[in-house]
């Protein structure tokens, strides 16, 4: 009160001045209260917005399962137990001895595997072999794929290899994913035992369909519109399954789909899904061909199952053109600029308007505007009812792998049969 009188130069007997003083206080106090309220409101709004952005980075658009938190597989033992082994103080042998009980149900006795192993290629973890597994009936051995861990392997490599096996345990079985038959992990060398999908990858199948060949090894090498939908539906079922597990694939393409003789499709190449499972995100060190990536992936933004939907549209293009590279007129390094201009691929001459409409829905710029895998599957199931199952897709030109690799932006070596489950 004294300071206010001093500012207004009031005397105690000056009633008019005292009135002015009180009016001044009436103005100042509410103003201060309003200012403090606005500051607090601003801080609360800022905290709320920051939290919302954090949640958006952890999940995709509405209806998309959130990415699971990173998992430390070095401590997981299954059966509700933990393996508490500090890596710096543990040998490979001790680590295997501690983790093998957790994988007991998956162990395949090594004597059940044939002594002669046929090496078919090299994978990211080590050599990949084809072998026969004893099923109890000597007349019916089962052909399997052995993914070996390259030697010598350090403790971290062993931990990662076992983590991939644990990843299969988490996934469980699905008819449109390559199945884990078991493992051999009680001692070195370590093997992951997978089912053998002997017909190879879909891209090679599509290229063979271009040749004037009716059958080869009992498989009919031709493709109709209805069969394209049939294969696409199976891929979407696999993507739905991954979405239910709070995962996404990250590299949907014909080269990552294996085919059986009855045209059963099995999605493979789950290395990126494994990264999401263990780390909660995709590593920046993974190299994926740019022409299959959704815009948000090219812009290095958080990815989701809707990025797989974009790639699925590219897969439909691959099938209907019998394995042509996407965006043939665009250099791989210019694909982002091309897409930023809202340009998409034109309808191939062998593609119906119905199928092209489905493709375009996959290539919407905003991921929230794209259909979910389930919505896509329902559209494919509706299209199958009226699809042509008589006319065979025909492309007269044969594929030159070196030219394809240059246009597609991939390594030529990756075009050779590579059983890449993980």
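From the backbone N, Cα and C atoms, a Cβ is placed for every residue, glycine too.
Quantities reported herein were computed from a predicted structural model and do not represent experimental measurements.
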Of 105, 142, 147, residue recorded by Swiss-Prot at the ATP site of 120, 121, 122, 123, 124, 125, 126, 127, 128: 147
Swiss-Prot annotation (transmembrane segment) - matching range among 5-25, 26-46: 26-46
Packing count at residue 122 (ATP binding site) (other Cβ atoms within 10 Å of its Cβ): 13
Binding-site residues compared (120, 124, 126) - highest count of Cβ atoms within 10 Å: 126
C-alpha spacing of residue 251 (active site, proton acceptor) relative to residue 124 (ATP binding site), in angstrom: 15
List of residues, in chain order, with Cβ under 8 A from that of residue 251 (active site, proton acceptor) and at least 6 apart: 269, 271, 272, 288, 292, 311
